[in-house]
Amino acid sequence: MVSANQTASVTEFILLGLSAHPKLEKTFFVLILLMYLVILLGNGVLILMTVSNSHLHMPMYFFLGNLSFLDICYTTSSVPLILDSFLTPRKTISFSACAVQMFLSFAMGATECVLLSMMAFDRYVAICNPLRYPVVMSKAAYMPKAAGSWVAGSTASMVQTSLAMRLPFCGDNIINHFTCEILAVLKLACADISVNVISMGVTNVIFLGVPVLFISFSYVFIIATILRIPSAEGRKKAFSTCSAHLTVVVIFYGTILFMYGKPKSKDPLGADKQDLADKLISLFYGVVTPMLNPIIYSLRNKDVKAAVRDLIFQKCFA
């Protein structure tokens, strides 16, 4: 066990970000700022609608409101720091601030994994067992499911962050990333990180593998049920209720599985291209995905589209 005072030699980290490409920093500052504003606006509107519109007081939209709030929390934990790093010559972050950011970003990511599987279960019950839906997805059932997602994600993040921050950082303090991303921080440790790698692998199985299998099996049954619907209009209507969620799942898990699926204990020599790819994938996962979520649900869900129209009408003609 590494004692806490062994980490005292490093009191701050330097975030490399796009320091090697200074001409791109201002361009990325404007681009990410605009995307962040879209995230706040789009997800904020979805939260407002799920709370204020009585037609959306259903489990599906309660989970959607949680997802939107989660996306706002996740981006707010990292985007302001990224924006500041684009304008600041010396891009530093304290040891404690790095730990907080690592905890928040990991917690939000793990929570979203569980939350998306809960949303898949909601669609499975609604389409495959509609008569039991009011009982299985009652308020007394779906609210604990959502709360459990947050608790599970936060617990996993606490474990991973604690393990990472107890490592000794006695030499290099330059993080080759935009933020305190946990894999980038582990590369700086001057001790054996096999426990961290094993722990990360177990967490990947629990929060990536299990939800992916759960969602996959849910959609196998959902699609099989939809195909048995005799009318084309009925099949179209049934699929429209889950197409937005399926699109979000593919984008989210496709990105996060690629980024976290194989944690590396040390950075290989001459891996500059890999580091750049990791940064871009992390940026896509951290900014683009939360921006797309409300757009996807607004375009592919008729109830959300109707609620948006009602909200605009009320604001413009009230």
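Placed from the backbone N, Cα and C atoms, the Cβ positions cover glycine too.
Record features (Swiss-Prot):
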type: TOPO_DOM; residues: 1-27; note: topological domain 'Extracellular'
type: TOPO_DOM; residues: 49-61; note: topological domain 'Cytoplasmic'
type: TOPO_DOM; residues: 83-100; note: topological domain 'Extracellular'
type: TOPO_DOM; residues: 122-181; note: topological domain 'Cytoplasmic'
type: TOPO_DOM; residues: 227-238; note: topological domain 'Cytoplasmic'
type: TOPO_DOM; residues: 260-278; note: topological domain 'Extracellular'
type: TOPO_DOM; residues: 290-318; note: topological domain 'Cytoplasmic'
type: TRANSMEM; residues: 28-48; note: transmembrane segment
type: TRANSMEM; residues: 62-82; note: transmembrane segment
type: TRANSMEM; residues: 101-121; note: transmembrane segment
type: TRANSMEM; residues: 182-202; note: transmembrane segment
type: TRANSMEM; residues: 206-226; note: transmembrane segment
type: TRANSMEM; residues: 239-259; note: transmembrane segment
type: TRANSMEM; residues: 279-289; note: transmembrane segment
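A Cβ distance under 8 Å defines the sequence-distant neighbours of the transmembrane segment (101-121), meaning residues of its chain 6+ beyond its ends; these are 60, 63-64, 66-67, 70-71, 73-74, 77-78, 81, 93, 142, 145-146, 148-150, 152-154, 156-158, 160-161, 164-165, 179-182, 185, 203, 207-208, 210-211, 214-215, 218-219, 245, 248-249, 252-253, 256, 285-286. Residue counts for the topological domain 'Cytoplasmic' (227-238) under DSSP, split into helix (H, G, I), strand (E, B) and coil, are 8 helix, 0 strand, 4 coil. Residues of the same chain lying 6 or more positions beyond the ends of the topological domain 'Cytoplasmic' (227-238) and with a Cβ under 8 Å from any Cβ of it are 127. Per DSSP, the secondary structure of the topological domain 'Cytoplasmic' (122-181) breaks down as 41 helix, 2 strand, 17 coil. Taking Cβ pairs closer than 8 Å, the topological domain 'Cytoplasmic' (49-61) reaches residues 68, 119, 122-123, 126, 137, 142, 241, 303-304, 306-308, 310-311 in its own chain, all 6 or more past its ends. Remark: secondary structure over the topological domain 'Cytoplasmic' (49-61) totals 10 helix, 0 strand, 3 coil, with classes taken from DSSP. Long-range contacts of the topological domain 'Extracellular' (83-100) within its own chain (CB-CB distance under 8 A, at least 6 residues past either end) are made by residues 7, 10-19, 25-26, 28-29, 32-33, 36, 161, 164-165, 169, 175, 178, 180, 185.
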